[in-house]
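Q: Residues or ranges marked as transmembrane segment in TrEMBL: 26-44, 86-104, 116-135, 141-162, 174-197, 203-225, 290-314, 326-348, 387-415, 427-448, 454-477. What TrEMBL records for 31-481 is domain 'Major facilitator superfamily (MFS) profile'.
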């Protein structure tokens, strides 16, 4: 066990803050690492899709027209992969995840976070088998849909699990384990794609079937971890919840924290008896975390990151890299992604969420604009750029990926998972997950067509969105660093210059109408 800690800093008591004492136990980290394996499943799929769709054997079997167009001598560089059915192969997973996120919210509440993650693993195993054994396009898409339901369940349960077991002062770092696993999954998928591309004719089957590995790790690992204290208390198992809290904190002195969890669950139960959680999300006091959660997910996708990660090998081929070179370039960007996410784990609870997001907006804006400018000047419809310019684009994309990986990537999941009160936490987070999947679906389905019609201007399109999201963070996003998860309303939302108008008390009740 590591040494003890106090969540509050000196003088916190004088400022009216609560102090929760305990230890950073190995068990908390083990639970966190296993739960975050859900992110490994998600990341593997993000990384594997683009590599598989660049493999000739896969295209010949399922998309022969795309294969013929890809090898046509004077085919438009920007349009060679533009095919709605090919995009559906990638995007169908995210449409299924969108629908599944609502069922996953109910599963989290009724069955608990751990059981929901187990269901995600089983669904992912089934989807992997269907995709690896696909005899036709229909079977392939059904497998992708099954994977999508697993992603919806996993992405709903894992971030909530991580936020609920973490002590407040390391909640950011522990929660970002999920995003770290996403980046590791992308990197592993890129390596698998690189080697599977040389295996003919079934390399694509091994690549798609490899998704079963992280699913198996999650399922077996979940048998050894506990449920969160909050989930146990909200389902009427208070004594078990207290014992679990003592175990993950490494001390029996958990009275204050347990009392706060129980009070939050009791309040949630009373409120939800009067009004269902999804109905409560329509109330003015639910608006601040809901708007922030949805905005974070929408903005995360409109950075353009998943377009680049889904189609990295395809994108690098457009820039002039050969097939093997494009896959190897995707491996390098995957390494940058992982390393930069580790930076976020180190910094998020020290410098805070807002500073990381704002710095990244500036860095991503420069990188996206520069890439767009180079491609506009040097990538023609029927010719590729020189090797020097291709390398310059690749370096800029690495700069862009690094800034996303220590900011909008992990914080897009962390902030929505920590800002909802207990009575709307699972419902609110399901809206966040579904928003993410909806816009991931739209970007995945549209990116190759957008690249065909917009060409280099697609990078300026994403750069414009980065300006918008930076302004949003600057004006509307409060800092949540170090705030206990059940004190967000009083210590964050009620004190924010704009969002405080959504909360009425006594003489100030009328101002809620202005929210």
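Positions of Cβ are set from backbone N, Cα and C atoms, glycine also.
Bear in mind that TrEMBL entries carry predicted annotations, made automatically and left uncurated.
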Q: Take the C-beta pairs under 8 A between the transmembrane segment (141-162) and each of 26-44, 86-104, 174-197, 326-348, 387-415. Which stretch has the highest count?
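A: Stretch with the highest Cβ contact count: 86-104.
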Q: Given the cut-off of 8 Å on Cβ pairs that are 6 or more apart in sequence, determine whether the transmembrane segment (326-348) and the transmembrane segment (203-225) share at least 3 such pairs.
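A: No, the transmembrane segment (326-348) and the transmembrane segment (203-225) are not in contact.
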Q: Just to confirm my parser: what is the rounded mean pLDDT across the domain 'Major facilitator superfamily (MFS) profile' (31-481)?
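A: Mean pLDDT across the domain 'Major facilitator superfamily (MFS) profile' (31-481) comes out at 89.
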Q: With a Cβ cut-off under 8 Å, give me the same-chain residues at least six positions beyond the ends of the transmembrane segment (86-104) that come close to it.
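A: Beyond its ends, the transmembrane segment (86-104) has Cβ neighbours at 45, 49-50, 53, 62-63, 66, 116, 120, 140-141, 144-153, 155-157, 310, 430, 433-434, 437-438, 440-442, 444-449.
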Q: Let me check one thing: do the transmembrane segment (116-135) and the transmembrane segment (387-415) come into contact, meaning three or more Cβ pairs under 8 Å with sequence separation of at least 6?
A: no
